[in-house]
């Protein structure tokens with residue numbers, strides 16, 4: 001038996017006979033370790049992976065296996081380039097040290113959850129992916145889509161809404177979307193999770209077929225059935241962050257026998273190995289790690305003798321061809337196939353389809369604004385031009401801003417976390433730049449919020465009998481809309497920062513201080529001077545002042561009085577009482593827009609950080 005130092009791991013020697021060498025990548029990793037801090041307040045670290053070695057070859061369907069918490073998903077994240085910090089060791093691609101940006105051009109990572117756009121049809125989802133990932137004309141794109149859908153068994157479901165697909169079909173669509181760019185390496189996290197036995201078999205058979213075409217297919221599987229186990233080419237088993245077996249499925253039982261661990265007759269070898277790793281038969285894990293040399297020992301791999309007999313000169317020549325394809329050619333191609341403008345247009349198109357299909361959400365927001373406006377308009381009916389109800393109109397103005405800001409805030413806060421898994425998958429697999437996604441999303445929300453604000457403002461403005469001047473209504477509407485955009489952005493920040501359940505609980509605490517410091521509950525003149533800066537930090541103060549200026553400013557004539565005495569017949573007197581006589585409406589608009597821009601930058605930074613985290 002040859003020693004570990006003598007065994008060759010040349011890419012050409014490891015490739016099966018039927019693999020297309022010029023389109024294949026050979027992945028080798030050495031001394032991979034990964035650790036995390038045990039707690040926020042401690043520097044002590046816990047090691048999750050311990051100096052792992054291994055290689056994943058083109059033409060093979062590799063399964064990384066292990067018990068829960070063994071480290072299989074962690075290793076997958078590191079190899080895919082999803083986790084890059086706190087990692088030590090070396091990862092080689094076709095004999096050359098991996099460059100993350102180059103490698104991502106050649107790989108795709110399909111996460112455990114399907115994370116698909118539920119309102120698109122299969123055909124639409126494929127077209128969106130093709131528009132973003134291919135530089136072909138429409139005819140060539142459609143031709144490639146047809147080929148992939150036939151191979152994936154989705155041809156008859158091409159016009160079915162994604163949300164109506166079965167679990168197996170959704171999994172196949174997730175794979176099909178990444179096959180658009182034909183990546184040589186594909187990582188799949190638990191591809192059979194949540195599938196029945198038939199769908200699981202179809203999924204593994206499909207991955208096997210892709211491997212036979214020259215792809216390097218690497219997936220994590222918790223504990224496969226006997227049928228799925230026999231379909232795999234290569235097992236890489238982890239226990240407590242160490243490799244306990246790397247080799248073919250056929251060699252697993254002989255390997256266990258070689259170290260005195262005999263699998264009972266008619267017993268599933270995988271179950272037996274997992275039970276050993278769990279300590280059911282005693283402390284044998286260290287023996288397994290030592291025997292397999294933590295992944296260095298590859299004698300249990302099935303190696304194609306055809307390549308072992310090739311001359312050294314031929315191997316060297318072919319290896320150089322692989323390197324030239326993988327790095328010299330791909331290095332000169334842009335990281336994203338579509339430019340920023342193209343990405344923005346495609347994403348706007350996708351958002352438009354979603355808005356059109358998701359009538360419930362869009363119409364519900366607009367209907368809610370309409371219903372609340374009718375209720376508020378009824379309560380404050382015909383008070384706008386009567387000096388006897390100035391204080392009521394004052395309260396109405398405050399409520400209008402508060403409702404529009406909070407409704408925009410809450411709608412965005414609860415929807416953004418649902419989008420993050422999709423964004424994470426698509427952005428990591430180089431569909432588009434993050435700024436293209438962010439801008440397209442803002443434009444879509446902009447339209448819905450504009451319509452909702454307009455509907456609400458028109459109803460309340462005219463039912464409450466505010467002065468029917470087009471200029472005043474325009475100023476009123478503009479101030480309400482800009483304020484709602486600020487609320488929307490704060491909701492985006494909270495949605496990106498917290499999980500849905502946490503944002504619902506803690507989100508209101510983030511926006512309530514702005515309401516309290518608006519000048520409605522306590523006038524800034526009545527507050528100690530050293531606290532004035534708190535009021536000046538509240539965007540709600542500027543919005544509230546702007547709305548009052550739109551109603552009572554700009555030399556408005558005296559109000560009529562339906563009571564015996566009205567103190568605020570003169571609008572100027574009201575503004576002086578409130579300390580607003582010198583307020584500049586457009587200055588407040590500029591302040592709100594500036595706040596919105598600053599918050600958008602903060603939201604973008606938080607989003608950028610969030611999508612780089614696994615959870």
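Every residue, even glycine, has its Cβ placed from backbone N, Cα and C.
Within the listed segments 338-358, 443-463, 527-547, TrEMBL records transmembrane segment for the stretch 443-463. Looking at the stretches 313-334, 401-422, the one that TrEMBL records under the feature transmembrane segment is 401-422. With a cut-off of 8 Å on Cβ pairs spaced 6 or more residues apart, the transmembrane segment (475-498) and the transmembrane segment (585-607) reach 3 or more such pairs and are scored as touching.
Of the two recorded stretches, the transmembrane segment (401-422) lies close to the transmembrane segment (505-524), with three or more CB pairs under 8 Å once pairs fewer than 6 apart in sequence are set aside.
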